[in-house]
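**Student:** Structure incoming, see below.
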Amino acid sequence: MITVESLTRRYGGFTAVDNVSFTARPGRVTGFLGPNGAGKSTTMRVVVGLTAPTSGAATIDGVRFADLPNPGLEVGVLLDASAQHAGRTGREILTVACETMGLPRSRVDEMLELVSLTPTEAQRRVRDYSLGMRQRLGIATALLGDPRVLILDEPANGLDPAGIRWMRDLLTGFAGAGGTVLLSSHLLHEIEVIADDLVVIGNGRIVASGSKEELLASAGTLARSSSPRDLARALDQAGIPSTLARDGSVRTEADPGRVGAVALSAGIALVELRSSEGAGLEDMFLSLTADTQREGAAA
Amino acid sequence: MTATLVPPDPTTGAAPARRTARRIPTTRLVKVELRKMFDTRSGFWMLVSIGILSPISAGSLLVLGLDGDVTYQNFVRASGFPMSVILPIIAILAVTNEWSQRSGLTTFTLVPNRGRVIGAKAVATLLVGLAAVSVAFAVGAVGNVAGSALAGVDTVWDVSWSMAPQIMLYNLIGMAFGFTLGVALRASAAAIVGYFVASLVVPGILELLALVREWFRDLQPWIDWNYTQVALLEGTTDTGEEWAMLASTTTIWIVFPLAVGLLFLRRSEVK
């Protein structure tokens, strides 16, 4: 479990992280969201001890990261896949990490196989790697020590669709086996598919946190019917405000159960009824972080 | 649209049993740092260039030198010359690569105690220095035997037991200075430029100053890093005062900047 308590980090007069508190629990994937420069990476760097906090603390199972005797065996970290000596081969980077942790060399081959880097690729120097290959190598380094906690900053960046699917399965499996995953990403769809809990940060402050279901429940409902106008009217009569989109879908902030009940009593056949999750996370993200977006009134 | 702010719930999920991980032993850190010095292309070629240039340099003495030059001292100096340039650069890169190449992001998450990592680098640097200078002595010996046989003169072993450690120390101090620059500047290019400025430009300025300002003449040996280095290379650091001069220049150029650099390094942000 990762616990972040009242974490603040200032740079001169600028507050990058402002009194941030959250937990990432075992058995769950915690998605860490926020616009560029919101403080995600700074928070993660403080958690792994690369940046000293101005105040507050971050612990892994109650222990400061810097106090872990052999951190690689307990926490897998990938903050920046490109932060490697460009003149080292992929295999060498894994071997150095393996030696540091005191693991048998056979782990290197196991990890290369796990992240699908071929022996030829592993012999190449990292300067010749694509971003996707670097991400795979970074994941391999993070998983090398068979840790219980993973901290990953934008791991899906640069991965091809198959790689993204692979990463998703890997992290879901990791959490399923009782591991803790803290994952930041800009790819909202990716987060939405994979995360169990969400922490949203904007301008260094937490703007929302909780389980994905709770946060998205307020995102409302999307319903389709062969006669959308009738559906909208029926909802209106039931006192539920709704909007009729051009594509014929009806959106409302009420939960799907109520919308279904209204449609049933009005005798309207629904062809689709669901939480409007697809746009939900994006809408939620943009509205929560509207004040902090570079683009101004993006929401 | 509003999202509920749910306070984190620390009670869920029993804390998993902690693994009994043991602290990473220092010997292992030294081994890893030694490996990292030579497992890159630049590190590899640095090592190879020592191995190639050292015999070439000693050999050139055979080709270009006079019969009178065929002495062990000259051969050791010739084979050691490439090292006196390359060893400090190896020391610099051992430190600065973590920042300039950004590998520190991984290094310092695997070993969060930066003092231990830098300590391991220092030990690894020292080991490389000891090994390299030993090679210089060995290559010099081979050159001396071969050279005197070729020239048909007596083999002269004129490196005394007081001189050999001084030549060793000369190289180790050169490396220590490179290491210091690496710690203080944490950028490869800046540290290498700094090294050559300090070892090529600064001595000239201090020499000039000693020529034109009489009061500085007596002070120079206590301040000029190059002055005490030359004394070591010549094996002429004998009296207590001369050793005190060496201590003084080492404090000014190495001990003090290293201490300040370490202080900043431990708090600095790794990006």
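Cβ atoms are placed via backbone N, Cα and C, with glycine included.
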**Student:** From B:1-20, B:101-120, which range did TrEMBL mark with region 'Disordered'?
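**Tutor:** So the range that TrEMBL calls region 'Disordered' is B:1-20.
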**Student:** Any chance you could find the range in B:78-96, B:167-185, B:192-212 with the most Cβ pairs under 8 Å to the transmembrane segment (B:243-265)?
**Tutor:** B:167-185
**Student:** Can you see whether the transmembrane segment (B:44-66) and the transmembrane segment (B:167-185) are touching - at least 3 CB pairs under 8 angstroms, only pairs 6 or more apart in sequence?
**Tutor:** no
**Student:** By Cβ distance under 8 Å, which residues at least 6 away from the ends of the transmembrane segment (B:167-185) in the same chain are close to it?
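**Tutor:** For the transmembrane segment (B:167-185), the list is 76-77, 80, 83-84, 87-96, 118, 121-122, 125-126, 128-130, 132-133, 136, 159, 191, 194-195, 198-199, 225, 229, 232-233, 235, 250, 253-254, 257-258, 260-262, 264-265.
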**Student:** Could you tell me what the rest of the chain brings near the transmembrane segment (B:123-147), counting residues at least six beyond its ends with Cβ under 8 Å?
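**Tutor:** Sequence-distant neighbours of the transmembrane segment (B:123-147): 26, 30, 33-34, 37, 50-51, 54-55, 58-59, 61-62, 70-72, 75-80, 83, 87, 90-91, 94, 155-157, 159, 164, 167-168, 171-172, 175, 179.
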